[in-house]
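S.K.: Structure incoming, see below.
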Amino acid sequence: MRDIHNIVILTGAGISAESGLATFRGPDGLWEGHRVEDVCTPEALARDAVLVHRFYDERRAKLAAVRPNAAHEALAALDVHWPGGLLIVTQNVDDLHERAGTKRLIHMHGELKSALCAACGRAVAWADPLPPGSVCGGCGQPSLRPDIVFFGEMPYAMEAIDAAIRDADLFVSIGTSGAVYPAAGFVQTARHVGARTLELNLDPSAGSLCFDEARLGPASELVPAMVRDLLA
Ligand code: APR
């Protein structure tokens with residue numbers, strides 16, 4: 001891990017699994033028999049807003065019952081102590097990275113603790129259930145929806161993420177199946193600019209072979225070990 005200055009770390013549902021949050025594509029990945037692709041689309045929201053809002057209400061309520069695990073805590077320690085550039089990009093909509101203390105963080109797929117006005121585009125902090133028809137405090141329209149990037153929508157902050165990867169010396173992917181683009185393609189950009197690439201995951205992912213190194217195991221063990229190496 002010598003000669004590393006700028007680091008970009010991508011996280012997915014696997015980093016929160018040991019906190020008790022279900023992953024999307026594992027054996028526990030169905031929600032009331034729905035595939036995630038069936039509830040997380042603009043079409044599903046238009047067809048059955050009650051179902052889609054309830055899906056996210058349940059997930060938001062669950063946050064109160066879970067805590068960051070050793071992997072989130074190790075990344076927060078890296079954020080505090082790493083003297084170079086660091087960006088943690090999470091596909092997760094939970095708040096466990098920030099609750100662990102990470103500051104240099106982008107939620108590229110949105111956040112459960114935020115509501116988005118479909119009429120004016122304003123995002124507001126939101127902790128409660130969010131029934132369809134909730135009124136936006138900015139424009140007064142009954143257009144608040146979960147602030148989640150649905151399949152087919154553009155993830156947040158792509159320019160900033162791309163710029164950080166293009167400057168990176170090390171790109172690390174943690175707990176993601178590599179099934180969803182554009183995040184699944186970040187490793188290719190990192191390789192293209194000559195960054196070292198490392199995957200930490202419980203199982204081999206769709207993109208494992210693209211990485212210089214893949215370590216298999218639980219995030220709560222692999223991430224603290226990686227952070228110890230980096231800060232040594
Ligand atoms: N430690 C490390 N990895 C783990 C652990 C663990 N304890 N438990 C599970 N994993 C791994 C699984 O092996 C799997 O490869 O985490 C990965 C989780 O994959 P997915 O469920 O597909 O989650 P993710 O890759 O984050 O999904 C991407 O898909 O549905 C959309 O927008 C949603 O952000 C999500 C995106």
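Cβ atoms are placed via backbone N, Cα and C, with glycine included.
Okay, so TrEMBL annotates it like this:
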type	residues	note
DOMAIN	1-232	domain 'Deacetylase sirtuin-type'
BINDING	12-31, 91-94, 175-177, 201-203, A219	NAD(+) binding site
BINDING	Y56, R59	substrate binding site
ACT_SITE	H109	active site, proton acceptor
BINDING	C117, C120, C136, C139	Zn(2+) binding site
S.K.: Other than C117, C120, C136, C139, which residues of the same chain sit close to Zn(2+)? List them in sequence order, counting a residue when its Cβ is within 8 Å of the Cβ centroid of the site.
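M.R.: Nearby residues not in the site list: A118, A119, G121, R122, G137, G138, G140, Q141, S143, L144.
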S.K.: Please identify which of R59, H109 has the densest Cβ environment, defined as other Cβ atoms within 10 Å, among these recorded positions.
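M.R.: Ranked by Cβ atoms within 10 Å, first place goes to H109.
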S.K.: Under 6 Å from ligand 1 by Cβ, which recorded positions from S16, H109, C117, C120, G175?
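M.R.: If the test is a Cβ under 6 Å from any atom of ligand 1, the answer is H109, G175.
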S.K.: Per 10 Å Cβ neighbour count, which of the binding-site residues C120, C136, C139, L202 ranks highest?
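M.R.: That would be C136, with the most Cβ atoms nearby.
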S.K.: Which binding-site residues from the set G20, Q91, C117, C120, C139 come within 10 angstroms of H109 (active site, proton acceptor), judged by C-alpha positions?
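M.R.: Of everything listed, what lies within 10 Å of H109 (active site, proton acceptor) (Cα to Cα) is Q91.
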S.K.: Do any residues at least six apart in sequence from C117 (Zn(2+) binding site), in the same chain, have a Cβ closer than 8 Å to its Cβ, and if so which, in order?
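M.R.: In sequence order, the residues whose Cβ lies under 8 Å from that of C117 (Zn(2+) binding site) (at least 6 apart) are A123, V124, C136, G138, C139, Q141, S143, L144, R145.
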S.K.: Spatially, and counting Cα to Cα, which of the binding-site residues is closest to R59 (substrate binding site)? Options: G12, F24, Q91, C120, G175.
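M.R.: For R59 (substrate binding site), the spatially nearest of the binding-site residues is F24.
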